[in-house]
């Protein structure tokens, strides 16, 4: 029996019934969240003497989850002013907030630790604003290392035809020729992020080796930095969440420890999101209708792409289970679809489940990351509720 309630059908159904939850809804397992954050922190500390995890709040910005990140000594990785506000509301120390891109003035006013800047023009703007406010601002330059993350092309971020980052040769030339003219910024490090949902650790090995070369070139030009931010990207097992509820953080950090030469000299940063929260959440939905079209069995549920857009957007595949005790020996292959007026509103095709009837509940697993945060009100849908168990 699995120790986590979201993977125990009986206990999950009891919780839903006892609290009269209205579907669709998200349910998060607090014990799994705590265990995952603790595991990540222990693995980090075992592998490095001077490193920090910044929780990538874009994965799930629920205040309770941000509070758990703070509890385990993690900083927050933000990409908007709203995310900075959420972190500050949860009393996260601004010196443990890193920020990429927008709402620059808000970040400067709150004295965040550093910007992760991904264009040279952005650095000019930051310097101008900092000069006007008479402040010094820390910046890590986001490098595009031209590394294939071997992931879906929508979430690849580290190749030259991706929109993110600056080619290292341009960074080196700028540091040598232009940096001296920017009086209100301090370049303290390099920032990388090659993609998301990365399962092949060879990608992280390549990133570590590439970063070694970049540091070597900087030092050959008498340019010294103190921080390296490797970003995130560590994936989760969407096919077997019950068997693999917590990712191999030890293997992830050990790969950087083994192949990055400067671990003992520099402060290292990691921006983890999906790997910390993805497996902790389940989207619960109710069967609205069954229908058969020329032999194809459809089950229409009350959750749609407005609640979980990943299948429609990324062709993502989530494990789905029927929370029922009857008909478990009677199987049927279904197209599992939502009620939204879009042909892409499909969770799975030819997916085998026990025979379903109106009112049965389904659990869509691995929905703790990029689920509720990507929800929309398209078709004037009400906001999906979240619960912690």
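Glycine too: its Cβ is placed from the backbone N, Cα and C atoms.
Quick look at what Swiss-Prot lists:
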- 233, 271, 272, 273, 274, 370: pyridoxal 5'-phosphate binding site (BINDING)
- 274, 310, 314, 342, 370: substrate binding site (BINDING)
- 58: N6-(pyridoxal phosphate)lysine (MOD_RES)
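Known features from Swiss-Prot, placed on the structure.
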| residue | record | Cβ contacts under 8 Å, 6 or more apart |
| --- | --- | --- |
| 58 | N6-(pyridoxal phosphate)lysine | 77, 78, 79, 83, 273, 370, 373 |
| 271 | pyridoxal 5'-phosphate binding site | 53, 54, 55, 56, 77, 98, 193, 229, 230, 231, 232 |
| 272 | pyridoxal 5'-phosphate binding site | 40, 53, 54, 55, 56, 232, 234 |
| 274 | pyridoxal 5'-phosphate binding site | 56, 59, 196, 197, 232, 234, 235, 236, 369, 370 |
| 310 | substrate binding site | 316, 318, 370, 371, 374 |
| 342 | substrate binding site | 305, 312 |
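Residue with the densest Cβ environment among the binding-site residues 314, 370: 370, by other Cβ atoms within 10 Å. Between the CA atoms of residue 233 (pyridoxal 5'-phosphate binding site) and residue 314 (substrate binding site) there is a gap of 15 Å, rounded to the nearest whole number.
In terms of local Cβ density within 10 Å, 233 ranks first among the binding-site residues 233, 273. Considering only the residues assigned to pyridoxal 5'-phosphate binding, 233, 271, 272, 273, 274, 370, the longest pairwise Cα distance works out to 15 Å. In this record, substrate is bound by 274, 310, 314, 342, 370; the longest C-alpha to C-alpha distance in that set is 27 Å. In the three-state DSSP reading, residue 271 (pyridoxal 5'-phosphate binding site) counts as strand.
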